[in-house]
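Novice: Pulled the feature table from TrEMBL, pasting it below:
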DOMAIN    13-242  domain 'Peptidase M24'
BINDING   H79, H178  substrate binding site
BINDING   D97, D108, E235  divalent metal cation 1 binding site
BINDING   D108, H171, E204, E235  divalent metal cation 2 binding site
Amino acid sequence: MKNILKSKYDLQQIRISGKITADVLKMIQPYIVPDISTKDINDICHNYITHVKKSIPACLGYNNFPKSICISVNDVVCHGIPNKKLFLKNGDIVNIDVSVIKNNYYADASKMFLVGLVTNKHKLLCKITQNSLYLSLKCVKHGVKINKIGYIIQKYVEKNKFSIVKEYCGHGIGKNFHELPYILHFYNKNDHTIMQKNMVFTIEPMVNEKSSHIQCMKDGWTVKTQDGGLSAQYEHTILVTDTGCEVITHQENEKIPKIFINI
Ligand code: MF3
Ligand code: CO
């Protein structure tokens, strides 16, 4: 369980990585338009992370992942590989998942981008997914059981007639990309882990329009819905505090505070 609680120095460094991650998601926004290839989006992010931010894209080479970020379009649930033959088109919903390393510390965040005119149903899917993450942040605080996060997310998503992907979870993060504690996005009555001040972890619900079932493609990475329904995901890196939490990867244009006071 070592490293699960971060030191002051750890937190200073994680905040720097978090700001870089947030800046990548802001920088890429104007490029998410019809006819750009996902490889070109990858390359713009790669150059910004390496040249402007002097950082390392954490996905590149991670378990042999071949690109610098994940780009998951429509029925791709997660881990979409940027591809020079895949062009965005009007109506697509696109997740961009950015993880960076700066001074050996990681941060991780993702959000949805809407390309041109998106159907109301698919806009709703994105909004409910984002809201489920935002709602869960209101329960994060020292002393609260970690399984409350999944309880809130699952309840909200299912009330809205969408489904939660069960195979992937949030994770502790710091000097490692993925570490303890693991954060399920559905209720697990057997998880008695308690949130503690100075824990840092991601919350990253994946929400499907139809069934929650998924399948991995032969490339070993791309995960799609089984039924072809669309899928959305939002992710933040979060620091647990005495009074609530701090959204380490907060973006200026988000309609939530960077610091949550949950007392
Ligand atoms: N960013 C993903 C996460 O949230 C991990 C992607 S691993 C990769 O944990 F290799 F696909 F990049
Ligand atoms: Co993550």
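Easy rule for this one: first residue shown is 1, then count along the chain.
In case you wondered, yes, glycine gets a Cβ from its N, Cα and C as well.
Curation does not apply to TrEMBL; its annotations are automatic.
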Novice: So how many other Cβ atoms are close to H171 (divalent metal cation 2 binding site), meaning within 10 Å of its Cβ?
Specialist: 20
Novice: Listed binding-site residues are H79, D97, D108, H178; which sit with C-beta under 6 angstroms of ligand 2?
Specialist: D108
Novice: Using Cα-Cα distances with a 10 Å cut-off, which of the binding-site residues D97, H171, E204, E235 are near H178 (substrate binding site)?
Specialist: H171
Novice: May I ask which of the binding-site residues H79, H171, E204 is closest to E235 (divalent metal cation 1 binding site) if we compare their C-alpha atoms?
Specialist: E204
Novice: Can you grab the distance from H79 (substrate binding site) over to H171 (divalent metal cation 2 binding site)? Cα atoms, rounded to a whole Å.
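Specialist: Each residue's Cα considered, H79 (substrate binding site) and H171 (divalent metal cation 2 binding site) end up 16 Å apart.
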Novice: Quick check: in three-state DSSP terms, what is E204 (divalent metal cation 2 binding site)?
Specialist: coil
Novice: Reduced to three states, what secondary structure does DSSP give H178 (substrate binding site)?
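Specialist: Its secondary structure by DSSP: coil.
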Novice: Looking only at D97, D108, E204, E235, which of these binding-site residues has the biggest number of Cβ atoms within 10 Å around its Cβ?
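Specialist: By the 10 Å Cβ neighbour count, D108 comes out on top.
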Novice: According to DSSP, does H79 (substrate binding site) fall in a helix, a strand, or coil?
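Specialist: Assignment for H79 (substrate binding site) reads coil.
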Novice: Taking every protein chain in this structure into account, which of the binding-site residues H79, H178 has the most other Cβ atoms within 10 Å of its Cβ?
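Specialist: Max Cβ neighbours within 10 Å, all protein chains included: H79.
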Novice: Applying the rule Cβ within 8 Å of the centroid of the Cβ atoms of D97, D108, E235, what extra residues of the same chain belong around the divalent metal cation 1 site?
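Specialist: Nearby residues not in the site list: T21, C70, V98, S99, A109, S110, T202, E204, Q233, T237.
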Novice: In the same chain, which residues outside the set D108, H171, E204, E235 have their CB within 8 A of the centroid of the CB atoms that define the divalent metal cation 2 site?
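Specialist: Surrounding the site, in chain order, are D97, S99, A109, S110, G170, I173, F201, T202, I203, H236, T237.
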